[in-house]
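Visitor: Okay, here's the structure, questions in a sec.
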Amino acid sequence: VSPWDIALCATGTAVAGENALVLAVLFYTPSLRAPMFLLIGSLALADLLAGLGLVANFAVRYLLRPPSEAAELGAAGLLLAAFSASVCSSLAITVDRYLSLYNALTYHSERTLGFTCAMVLLMWLLCLGVGVLPLLGWNCLRDQSACSILRPVTKDNAAVLAVTFLLLFALMMQLYLQICKIAFRHAQQIAVQHQFIATAQATSTRKGLSTLSLILGTFALCWIPFAIYSLVADSSYPVVYTYSLALPATCNSLINPIIYAFRNPDIQKSLWLACCGCVPSTFSSRPRTSSDV
């Protein structure tokens, strides 16, 4: 058994457990029903499935005897769908953050829960469509020379996935730059009007910017090296390179709950109530805003 596969399986187990906790908190807390929490739930579900996919991939490779092509393709499809949904959910949260600042006055009336549910459902259908492609014949099981580093995905399909990912990241970066401009403009307006006592919105804006910086920084460090390597490498490259880049990429699903969920005041409050039945006296009780996501 490869130690790299053991590490991926262990990471998948931790990812699944951590994101299951986030989903449980969101599901059992009636107050967490706003559109922004639906997007956090979508991301947690995607990362949960990614963790289960890593465990399933390990089981198919080492525990299933005799080997089954259908099981291998199914595990690969689950990973493709889950990680696609994770990336798309991260983009959706970035878009939501942008809209909450760009249309600050009308955001809460226009961004209804039903509309968000419809968009999330459409996104998941698209990602599930990506996941079934290996089962529909987009694989290299019959032609090993066509395999990419992401066996059983072919080199051409891996290149398409890598380019799509880089384009999505570029879009996230562009939205982030726009968010920075809007936030700085709001800060200047507050300074000009000498409304120094209205610190709640300024604090929320700073927290939102620090969160986005953390999001994009970890996202880039975890995924971009692996995406670029998938674009230029093939199955003839040493497998250790693939493992050493794939492991940090999977760790992004381990970091997402910390960035998106556990730093949110409402989710923190629910966790305290679930764990010890009380909320610390030092806990912030300020109103929830969309910038807290």
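Glycine residues also receive a Cβ, built from the backbone N, Cα and C atoms like all the rest.
Unlike curated entries, TrEMBL annotations are predicted automatically.
Predicted, not measured: the structure shown is a model, and the values here were computed from it.
What TrEMBL shows for this protein is this:
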- 18-260: domain 'G-protein coupled receptors family 1 profile' (DOMAIN)
- 6-29: transmembrane segment (TRANSMEM)
- 36-64: transmembrane segment (TRANSMEM)
- 70-93: transmembrane segment (TRANSMEM)
- 113-138: transmembrane segment (TRANSMEM)
- 158-177: transmembrane segment (TRANSMEM)
- 209-228: transmembrane segment (TRANSMEM)
- 240-262: transmembrane segment (TRANSMEM)
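Walk me through the surroundings of each of these features.
Guide: Under 8 Å from some Cβ of the transmembrane segment (36-64) lie the Cβ atoms of residues 1, 5-6, 8-9, 11-20, 22-23, 26-27, 71-72, 74-76, 78-79, 81-83, 85-86, 88-90, 92-93, 96, 100, 113, 116-117, 120, 123-124, 127, 250, 253-254, 256-257, 260-261, 264, 266-267, 290, 292-293, all in the same chain and six or more residues away from its ends.
Long-range contacts of the transmembrane segment (113-138) within its own chain (CB-CB distance under 8 A, at least 6 residues past either end) are made by residues 33-35, 38-39, 42, 46, 70, 73-74, 76-78, 80-82, 84-85, 88-89, 92, 152-154, 157, 161.
If you look at the transmembrane segment (158-177), the same-chain residues 6 or more away from its ends with a CB under 8 A from one of its CBs are 80, 87-88, 90-91, 94-95, 97-98, 130, 148-150, 212, 216, 219-220, 223-224, 227-228, 230-231.
Remote same-chain residues near the transmembrane segment (209-228) are listed as 87, 90, 93-94, 97, 162, 165-166, 169, 172-173, 176, 179-180, 183, 245-246, 248-249, 251-252, 255, 259-260, 263, 293 (criterion: CB distance under 8 Å, separation of at least six residues from the stretch ends).
Distant neighbours of the transmembrane segment (240-262): 2, 4, 7-8, 11-12, 14-15, 18-19, 21-22, 25, 40, 43-44, 46-47, 50-51, 54, 83, 86, 90, 93, 149, 211, 214-215, 218-219, 221-223, 225-226, 229, 233, 268, 271, 293; these residues of the same chain sit at least 6 beyond its ends, with a Cβ under 8 Å from one of its Cβ atoms.
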